[in-house]
Amino acid sequence: MMKPAENLFIQESLAQQNGNSNNNPASHLRHRAMSPSQSDASVRVRKPGETKSSRVICSLNNLLVLLFVFVVILLAAVLFTFLISKYHFGHAAENAQLKNNNQSISSDGSQDNSEEIISETSHGPTAAELRLSKTLTPLWYNLTIKIYVPGFVEIPKEKNLSFDGALTIKIRVDEPTNKIELNSIKLGLPSGLSNYAILKDSPVARHRRQTDDANRTKPKGKTSSEAINDSGEKLPPREPSGVKVVKMTQNETLEKAIFELSDTLKKGQEYYFQFVYTGTIDSKLAGLYLTHYADKNGAQRYAAVTQMEPTDARRMVPCFDEPEFKAVWRLKIIHPVGSSAVSNAKEILENEETEHPDWIYTTFEESLPMSSYLLALCVSDFEFVEGNTKRGTRFRIWSRKEAINETVYALEAGKKVLEFYEDYYNITFPLSKQDMMAFPDFSAGAMENWGLITYREKYLLYNPKVYTPLQKQSVAVVVAHELAHQWFGNLVTMKWWNDLWLNEGFATLMEYKGTDAISDGAFRMDEYFVYDAQDEAFGRDARASSHPLAFPIEKAEDVTEAFDTITYDKGGSVLRMIRAIMGEKYFQKGLTTYLNKYRYSNAEHTDLWNTLSEAVPEGLKDWNGNRFNVDEFAKPWTEQMGYPVVNVRRVDKNRIELSQKRFKIDEDAKESPKYRNAKWWYKWDVPLWYSINGEEKPMKWLHETTQFEVPENDVVVFNIDSRGFYRVNYEQDMWEQIAAQLIKDHTQITPETRARLLDDAFTLAQAGQLDYETALSLTGYLDKETEFLPWAMALGGVGVIQSYFDDEPEADAFKEYLLPLIAKPFKKIDWEHLNTSYLNDSRFFENLLNANLIGKMCSLRDENCIEKVTELYRDSFVYPCQIGNAQSSQCSVVPVPLRALTYCYGVKYGNEKDFDRMFEFFMKESIQVERDRLMSALACTRDTHAVKKLLVMAADMNSDVIRLQDKASMFSLLTLTPIGGPIVFEFFLDHWSELYNGLKDQLTILIRFIGVSITGKTQRNIDELEHFLVTNRNTTRNLDAFKQRLEVLKTNKKWMDKNFKPLAQWFKAQAQKRTEEL
């Protein structure tokens, strides 16, 4: 799955659009508590004079009085118990939507009270409790599903937006058991026990199956579903097994359906479990859900589509919904006339008539053995374009009819990269077809379902008249990422979610190679990796609230929260480092062996390390002189969080010493105890790639400390081309040598290395490990820099400073310092040429640089920049779009690379009429990337009432004015402005209950809201968040995203305390000095 990054248009907003700089200081390092419980012990204190021999002499009156008191106390106790019970259970009922009641309802009508109701101090079910037992293994599923999607035929009211399923699961018994457990959530399972059947093969069927299997060619581990053979002939019937379901229990908290059996299923036997069920289709972007759009006539059209990862297949079909339970799927979809059905496998019979004239059916070939999270289907009226790869794989791109002309680029890109991966892995794509579909509503960027990849529209469609170079590249990247998964993730799958990074880290690494294959190298993706994935990972992993790549899944939320920057970007970065150590040839050989060895099955990260170790060349040695062992090297990088900063100091005139320490952006921040790995104590074996005076030297190792010869007049630079996942800090004299070399001849150092030097320097300064004056001194050569990467890192570095200064009175001194640095390259930009050069892929980096420079100049309120942009807004947007009812994508003649910036400034420096105009265009726009720009522009408003209006729209889960997938993005865009940031923060805290109740079943989106909404840099921000976490403990304590944001606030506050005043004085002095020199 493509990670749910905060959308490409937010990246554009940061890079080129916003005259409002990021008001979320250090939210990402790329310049891009509960109160303790208090229990009072009850201590009996003996009264003065009371002794053990004290006696009480009771008269009759005394006895009567005591009896009366006893009766009163008894009556009071009964009354008190009644009131408490009434309050407790009444209160629990009122909060049922907030706290899943852990009671189970049995099919015989009785109530199972064996599980306690979750108390307010409970942490909910653990991941272990949510796991299925390993007594049974599914071999195949045979599913017939009728989907009542509206908009095609008349559907009975009670059936609209629902589905009916008829399911057979073939299971193998691995350990004797008297129950069957399946994952199921919010599905209608029959209450009548006679609706369930457990069958076995008849003797004839067993013989037929054995003969059929012997003559059938299938992948290793694949089992025929035996319902129908290859010719379509029905096989002999099965017979009752004698085992019956005697009780069915649905546990919504554990997301399980438990079927208790009359007899024990015997080890080694195979059974068929049959039943029917029902379910509903909603719009929550999980399981089987509804997406909608307006056609060219404005009529609403609908489609039903699936999103199963990580644990939502159970919302559509009761199943063994864990990655390790790979099985074959065979589907028959009954769907309305006028629609088409698509699934993982190729069609056998398509759009066949049923007994009812309004309904048709499509059947599909057996899938390959796959995990349930890869199951996919769609019912829609979409159209497709089609092609074939060189090896004959049928390739189709599907979209709504109005966008079909925008699918051509994805078709060519998909075929090209699929062929590239087949050659790279030396493994033929195992399916006969590959479908890719674009949807208006999709929670992530895309999903790698085997044979049917699903996308958000803007990541699959491409219109050269609307898409910027970055957006075109993004389409190529996402297509390459998802097709990489067809091998890493689908062919070989992690055993459990603790190794999710095996899927996503490899897909991240390979997407860069795949995108270069698509663009014939024009996008220079290995260089772009340094700015993109690696730097994102550096930022996230520098925090104490990070986590290891391979980490224990302890609670349900951990699975969803694992889909993050660490899993994707650090995973890719560590693999890239291993590839650089081994060499491309040997790394590639090891991957092919790994994929072949574990195809159609599951693996753990140690399996990968061991396979790669077998491919290591004989001459490659580790730090101790032994043959390099990938497992020994990789474990500290994957099983403990963080990464090192390598500190370089001069010992004498001819020698330097290197040592390492874990890099943290805030040294005082504390890690979670479960990640304090004592085995390695935050030490790593560090591969040292370095150059002296521009000449690359053989790689060396840093184990703990090391020394080697470098004469004092030589310029030494480590981590060249940013191959390693570590930062480097030099002593002062060595930084000065590097700065001097950059001014003298920066080309002696590669662009990737220059970028790494700049990023390391600014981030080290941010962490207090280097003074800012030294970091800023490295920018002195930039007037001669022509490459995108170094400029991007430099602008990012000063952007962090700008984010702290932007709403402060001292901001003017910072801007006066920075403007001359950017003015020279800014003046060289040919604005007229921008509208044509962006179509040339070979000028990708040049176009990105120009967009970044223009965006930064306008953010610094350069009069010339703002004048040009506001002129474009009037002449190329307002004027041509004022007549008729055209969409912005049709009438705007603003150069495509400048649209986001232009629209933003039109609203920022406009009036209420400009805001309303932009909102009107936003509402009627059908192309997602243009709609994103319009939404981004709305967030540029300086009107606090408009900000609150947008927040209310985005927070309304019953409204799709802002689509569900974009709601968190609106919050994020508003935090980019000095005005919006504080309003968003307060709004989020005030409306948390509504957000939580609306999104608690959609953790991916809820976590995005947390990540983008909590910003600030003051003690008041910290106090407010800590108070909020205490008062909302029940709904926040299991979400680690809150801990991450609290850490960010504390780091920001510490930065302000330490750096703000000294930097303000330094910028003021520099500006005054420059004035005196003039």
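Cβ coordinates are placed from backbone N, Cα and C, and glycine is handled just like the others.
Under the heading active site, proton acceptor, TrEMBL lists E482. DSSP gives E482 (active site, proton acceptor) a helix state. The Cβ of E482 (active site, proton acceptor) has M2, M436, A446, M447, E448, I453, Y455, A507 as same-chain neighbours under 8 Å, each 6 or more residues away in sequence.
The annotation compositional bias 'Polar residues' is assigned in TrEMBL to 17-26 (among others).
Annotated compositional bias 'Polar residues' per TrEMBL: 102-112 (among others), in sequence order.
What TrEMBL records for 409-637 is domain 'Peptidase M1 membrane alanine aminopeptidase'.
According to TrEMBL, the domain 'ERAP1-like C-terminal' annotation covers 716-1049. For the domain 'ERAP1-like C-terminal' (716-1049), the mean pLDDT of the prediction comes to 96.
The region 'Disordered' feature in TrEMBL is assigned to 17-47 (among others).
TrEMBL lists 102-122 (among others) with the feature region 'Disordered'.
According to TrEMBL, the region 'Disordered' annotation covers 202-241 (among others).
Here TrEMBL flags Y568 as site 'Transition state stabilizer'.
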Request  = Specify the secondary structure state of Y568 (site 'Transition state stabilizer') as given by DSSP, simplified to three classes.
outcome  = helix
Query = Once the chains shown are all counted, how many other Cβ atoms turn up within 10 Å of the Cβ of Y568 (site 'Transition state stabilizer')?
reply = 28
